[in-house]
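Peer 1: One structure, as structure tokens, below. Some questions next.
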Amino acid sequence: MQDVLDKPRGDAAPPAAPVAPRCRRKGVRSRWGLTGRITALSLFCLLLLFPFLWLVSQSLKDTNQYFARPFQWIPDPVRWENFTDVIFKYDFLHYIGNSLWLAVYAVVVNILSSSFVAYGFSRFRFPGRNALFMVVLATMMLPGQVMTISLYRVYRDIGWIDTFWPLLVPKLFGAAFEIFLFRQFFLSLPREIDEAARIDGCGTLRTWWHVILPQSKPVIIVVAVFTFLGSWRELFGPLIYLTGEENRTLPLGLLYFTSPFGSSLPMLMAAIVISLIPPIVLYALGQKYIDKGVAIAEIK
């Protein structure tokens, strides 16, 4: 009886063999991979920031420090007056004002005109709609410089040279890329909201203004940022059409900065830093909506 009790059962499981700590090894590899990615991204970001840091450093120096070798990252002494002199002493604030109001005008007009055209392409069916939309997209492939000579002669004949009209009027007709963005976003909105608006007595314009646009905040912000940046840094148009100093924009002010003010390169660097502040702030505020712009541009 005792032998029967002491005899091991046939179905008893043998002792488990030790298992290698795979999870631990996998966790170590994962941490090393994460560390490597963070290091690579940090070096890449530092590489991208290097020109801007160099620009800020040079803007805070005098002329002797600017040309001194070896290069000194931290100026001694720091000349903050370079920025105040650029803004107030050399009337650089006037150029900023010209660029600012042109950029704000471009943002408002481009949003209204492009969204209105895109609303027609996305909500109405008419013969040749797709072909006409392809023509609009094809204009993105045409460089603006191709029409410069003919447009210049037209603007000269009607007396618009050295005025802002050549920069203002083209914005009234929208832009192909912005029309494309608005159209793609409008296609994602259900048509039921248009039908509900018509039941409530809204016509086409009221539906576009009171129903569609209020729901288009992401694409409006994306278009606003792109339009502002494009107008803020535009050089070719003002260089061709604005001949007087009174109407100079910010890029023209930077272009001609060394002519009346000698070879003060540190002050030129300070002027460039000032010109970069509005785009950086605007991009930082609208970054999450700019990321959504990639999804907005998805073909539907």
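Here the Cβ of each residue, glycine as well, is placed from N, Cα and C on the backbone.
Below are the features I grabbed from TrEMBL:
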type: COMPBIAS; residues: 1-10; note: compositional bias 'Basic and acidic residues'
type: DOMAIN; residues: 96-286; note: domain 'ABC transmembrane type-1'
type: REGION; residues: 1-20; note: region 'Disordered'
type: TRANSMEM; residues: 34-56; note: transmembrane segment
type: TRANSMEM; residues: 100-119; note: transmembrane segment
type: TRANSMEM; residues: 131-152; note: transmembrane segment
type: TRANSMEM; residues: 164-182; note: transmembrane segment
type: TRANSMEM; residues: 219-241; note: transmembrane segment
type: TRANSMEM; residues: 261-285; note: transmembrane segment
Peer 1: Residues of the same chain, at least six outside the transmembrane segment (131-152), with any C-beta under 8 angstroms of its C-beta?
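Peer 2: Same-chain contacts beyond the ends: 117, 121, 161, 166, 176-177, 179-180, 183, 236, 240-241.
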Peer 1: Give me the stretch from 100-119, 164-182, 219-241, 261-285 with the greatest number of Cβ pairs under 8 Å to the transmembrane segment (34-56).
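Peer 2: Comparing 100-119, 164-182, 219-241, 261-285: 261-285 has the most Cβ pairs near the transmembrane segment (34-56).
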